[in-house]
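Data first, discussion second: the structure below is written as structure tokens.
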Amino acid sequence: MASRESIEKQLREGRSQIDLATSKSSSVLFALIIDGRSLAFALDKSLEELFLKIAVDCSSVICCRSSPKQKALVTKMVKEGTRKTTLAIGDGANDVGMLQEADIGVGLVAVMASDFAIAQFRFLERLLLVHGHWCYRRIAMMICYFFYKNIAFGLHFYGLKPMLLSLATRLHDWYMSFYNVFFTSLPVIALGVFDQDVSARLCLKYPLLYQEGVQNILFNWPRILGWMFNGVLSSMIIFFICKNSTIHQAFREDGHVIDYEILGVLMYTCVVWAVNCQMALSINYFTWIQHFFIWGSIFFWYVFLVIYGYINPLWSTTAYRVFVEACAPSPFYWMTTFLVVVSTLLPYFLYRAFQRGFIQCIMMRFKEDGRKVVRR
């Protein structure tokens, strides 16, 4: 019969065996099997830490004949003790507590208590290796891109020069409100739904791709800070090129220089183009929906300028016919937009080109080394 003393003794013996194998650099794999009665003692506060250390160092842990509460407690212990993302799979009502305690719950019968529902256990492989891999990349890219596009929009209007305070007051509130609603949001949604770095067949063929999410390769501080730096760089390029190329330059046929209303529209146009084209460079798998959202968002910006510009000036204020009468007829407006967008995308384009070239060189080196080994 299980007792606290016997369970503690067995746990310490197991710990010593694992430590001995580790000190000898042995490749022996360990498994832990514990039943419900023994688990009741192992989950005691005095033994919980020892039990967790042994369980983490084992290749497999089987908790048999355990109660629904014990399943939930084990899940909670692993989640809080390791601070890792936990996934629980259950096929009955007795697994509800475990499914709700885990970060991700996959249920077969307890559908209402789970995050994902599958009809059969064989679908679990595709759920993890295919959809799990895709979703991790999509979510990581979406969050990084949100940092990028909001920094690229906000800095050059609010943080670079004192003169931008007067420029910001010239930008209508609808410009600010529609940026994250209509002009840049739909491409991000399409990215989060449709993007794929590799096909489902390759995900199943190479399960090691799933380690991208386990090791958190794509969503870490260096990557987030890299996208934030890209946003700062984009905002600086847009601001300084627009400002230095237009201020004190004759913009209209009558010789009038550009004013803040036109400069604001020009900079906003460059931001919309740059941010959406950046998305086009970042996407791995294009569908017609993504093309429609990316280029449609840019087109909608011009449609909005035309329609809003014809509203009564009491409402449209600084936007009244600014595009139709001042921006659209000017070749300088279109040339500046093209120059700014190309300059903004160039750093990221060069980075991706270098990255792809570097990876290809490594792959070629591996192939050459493999051929030499085969010849030998």
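Glycine residues also receive a Cβ, built from the backbone N, Cα and C atoms like all the rest.
Bear in mind that TrEMBL entries carry predicted annotations, made automatically and left uncurated.
Annotation comment: TrEMBL describes 111-358 as domain 'P-type ATPase C-terminal'.
Among the features that TrEMBL reports, transmembrane segment is placed at 136-158 (among others).
If you look at the transmembrane segment (178-194), the same-chain residues 6 or more away from its ends with a CB under 8 A from one of its CBs are 138-139, 141-142, 145-146, 149-150, 153, 271-272, 275-276, 279, 282-283, 285, 287, 289-290, 293-294, 296-298, 300-301, 304. Annotated transmembrane segment per TrEMBL: 178-194 (among others), in sequence order.
When Cβ-Cβ distances below 8 Å are used as the criterion, the transmembrane segment (224-242) is approached by residues 143-145, 147-156, 160-161, 164, 263, 266-267, 270-271, 274-275, 278, 336, 339-340, 343-344, 347-348 of the same chain, each at least six residues removed from its ends. The transmembrane segment annotation in TrEMBL covers 224-242 (among others).
As annotated by TrEMBL, transmembrane segment applies to 262-285 (among others).
Among the features that TrEMBL reports, transmembrane segment is placed at 292-311 (among others).
Tertiary proximity for the transmembrane segment (331-351) is limited to same-chain residues at least six positions away from its ends with a CB under 8 Å from its CB atoms, namely 230, 233-234, 237-238, 241-242, 245-246, 249, 251, 262, 266, 269-270, 273-274, 277-278, 281. According to TrEMBL, the transmembrane segment annotation covers 331-351 (among others).
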Spatial neighbours of the transmembrane segment (262-285) far in sequence, C-beta under 8 Å, 6+ residues away: 141, 145, 148-149, 152-153, 156-157, 167, 170-171, 175, 179, 183-184, 187-188, 191, 194-197, 234, 238-239, 242-243, 246-247, 251, 294-295, 297-298, 301, 305, 318-319, 322-323, 326-327, 333, 336-337, 340-341, 344-345, 348-349, 352
Cβ-Cβ under 8 Å with the transmembrane segment (292-311): same-chain residues at least 6 beyond its ends: 172, 174, 178, 182-184, 186-187, 189-190, 265, 268-269, 272-273, 276-277, 279-280, 319-324, 327
Rounded mean pLDDT for the residues that make up the domain 'P-type ATPase C-terminal' (111-358): 84
